[in-house]
Amino acid sequence: MTSDRPLKLLISNDDGISALGVRTLANTLATAGHQVTVVCPDGERSATGHGLTLHHPIRAEQVEGIFHPDVIAWSCSGTPADSVKFALSAVLKERPDLVLAGINHGSNLGTDILYSGTVSAALEGLIEGIPSIAFSLASFKACDFQPAADFALTLVRKVALNPFPLPTLLNVNVPPVSSGEIKGVKITRQGLRHYEETFEKRLDPRGKSYYWLIGEVVEDIEQPDYTHLPPEVPTDVRAIGENFITITPLQYNLTDVQGFQHLHRNSWFD
């Protein structure tokens, strides 16, 4: 993978094929000359995590008229992870250089990434050994995705020029401000968010009860350092609040090294 040729890019998301974020990302990259294939869920799939469709068929169809004319686009009835799996096995004739996800309408920070369909789409690429990047605009209200797309174009070029020794997932969050107001880019560690959540009981028009999960962030916690990074490395949550673009390298290996060492030292089962 080198920066002097067009890159083969696979893009997915969790907001659906018609979302403005994925259109802005795909069109920006295609306009720059990259070979872009988009395979997204056919509708909203936010917070579906890494779920897969196993108990009913997946339906998919090619989509025209939404993207740049050079973009090949498909919609899929499954989840974001389904979409990437389907693309890699049934749509693409060649392995992509990168798997991209987003641009998500809303942040994916801290422990929120464990629920994120956007991050899971990128993670599916990583599981297949493909470098991947998840992009999110850190606001549910802001609708200007172009600064994030412009940064995506820059970052894709940098990753092509300086490939990682092993495939890595970069989780990128962009503050919802103009390009001139972005203070810079920070390499961050994953933070921790705590929510106050309730299941609100409601009644449907027929008088039957149902429940709606509602919640809001009540605390952004400075997570204990389990990663052995220097203490001055900021969390993604803190840096995005200071209007920095955040880049957090992620992996799918969830082994707790300290927990492993504790079990080993105490010889629980020897």
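Keep in mind that glycine also has a Cβ here, set from the backbone N, Cα and C atoms.
Feature annotation from Swiss-Prot assigns divalent metal cation binding site to Asp14, Asp15, Ser46, Asn104; the stated evidence is sequence analysis. Taking a C-beta cut-off of under 8 Å and a sequence gap of six or more, Asp15 (divalent metal cation binding site) has these contacts in its own chain: Gly21, Val22, Glu44, Arg45, Ser46, Asn104, His105, Thr118. Under the three-state DSSP scheme, Asp15 (divalent metal cation binding site) falls in the coil class.
Close to the recorded divalent metal cation site, the chain also has Asn13, Gly16, Ala19, Gly21, Glu44, Arg45, Pro80, Gly102, His105, Gly106, Ser116, Gly117, Thr118: residues not among Asp14, Asp15, Ser46, Asn104 whose Cβ is within 8 Å of the site's Cβ mean position. Once Cβ contacts within 10 Å are tallied over all protein chains shown, the binding-site residues Ser46, Asn104 are led by Asn104. Cβ neighbour count for Asp14 (divalent metal cation binding site) (all protein chains, 10 Å cutoff from its Cβ): 32.
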